[in-house]
Amino acid sequence: DVQMIQSPSSLSASLGDIVTMTCQASQGTSINLNWFQQKPGKAPKLLIYGASNLEDGVPSRFSGSRYGTDFTLTISSLEDEDMATYFCLQHSYLPYTFGGGTKLEIKR
């Protein structure tokens, strides 16, 4: 199975900060990767598909990039509403696998 190693598991940042989180695939050369945001009690929301494509309606402060088997989600200017858990999903190889998640908190 392809393991998705996500880091950090949690982070705290201030409003306006640039925030990054990463997922590294344990193997595979043509990984198709999505990034999701999940808030407590809510269904996951798709942010980025195909590693770097912004889903319709998602603010442009979110962006995704890829370098080999390393994938990065960046939030360019942190807002209060961004407090959530973020996770990646690879859906190129069965079984599809998720990263462990990054819990993002706002530093007060």
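Even glycines carry a Cβ here, placed using N, Cα and C.
Source: prediction; values computed, not measured.
Copied over from Swiss-Prot:
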{"type": "REGION", "residues": "1-23", "note": "region 'Framework-1'"}
{"type": "DISULFID", "residues": "Cys23-Cys88", "note": "disulfide bond"}
{"type": "REGION", "residues": "24-34", "note": "region 'Complementarity-determining-1'"}
{"type": "REGION", "residues": "35-49", "note": "region 'Framework-2'"}
{"type": "REGION", "residues": "50-56", "note": "region 'Complementarity-determining-2'"}
{"type": "REGION", "residues": "57-88", "note": "region 'Framework-3'"}
{"type": "REGION", "residues": "89-97", "note": "region 'Complementarity-determining-3'"}
{"type": "REGION", "residues": "98-108", "note": "region 'Framework-4'"}
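When each of 1-23, 24-34, 35-49, 50-56, 57-88 is checked for Cβ pairs under 8 Å to the region 'Framework-4' (98-108), 1-23 comes out on top. Secondary structure of the region 'Framework-2' (35-49) per DSSP (helix as H, G, I; strand as E, B; remaining residues coil): 0 helix, 9 strand, 6 coil.
Non-local contacts of Cys88 (disulfide bond) by the CB criterion (under 8 A, 6+ apart in sequence, same chain) comprise Met4, Gln6, Cys23, Leu33, Asn34, Trp35, Phe36, Phe71, Leu73, Phe98, Gly99. For the region 'Framework-2' (35-49), the partner stretch with the highest count of Cβ pairs under 8 angstroms, out of 1-23, 57-88, 89-97, is 57-88. With DSSP classes pooled into helix, strand and coil, the tally for the region 'Complementarity-determining-1' (24-34) is 0 helix, 4 strand, 7 coil. If you look at the region 'Framework-1' (1-23), the same-chain residues 6 or more away from its ends with a CB under 8 A from one of its CBs are 31, 33, 70-80, 82, 86-90, 92-93, 95, 97-107. Cβ neighbours within 10 Å of Cys23 (disulfide bond), excluding its own Cβ and spanning all shown chains: 30. Across the region 'Complementarity-determining-3' (89-97), the DSSP tally of helix, strand and coil residues reads 0 helix, 3 strand, 6 coil. DSSP labels the residues of the region 'Framework-4' (98-108) in these numbers: 0 helix, 6 strand, 5 coil.
Secondary structure of the region 'Framework-1' (1-23), assigned with DSSP and counted as helix (H, G, I), strand (E, B) and coil, comes to 0 helix, 13 strand, 10 coil.
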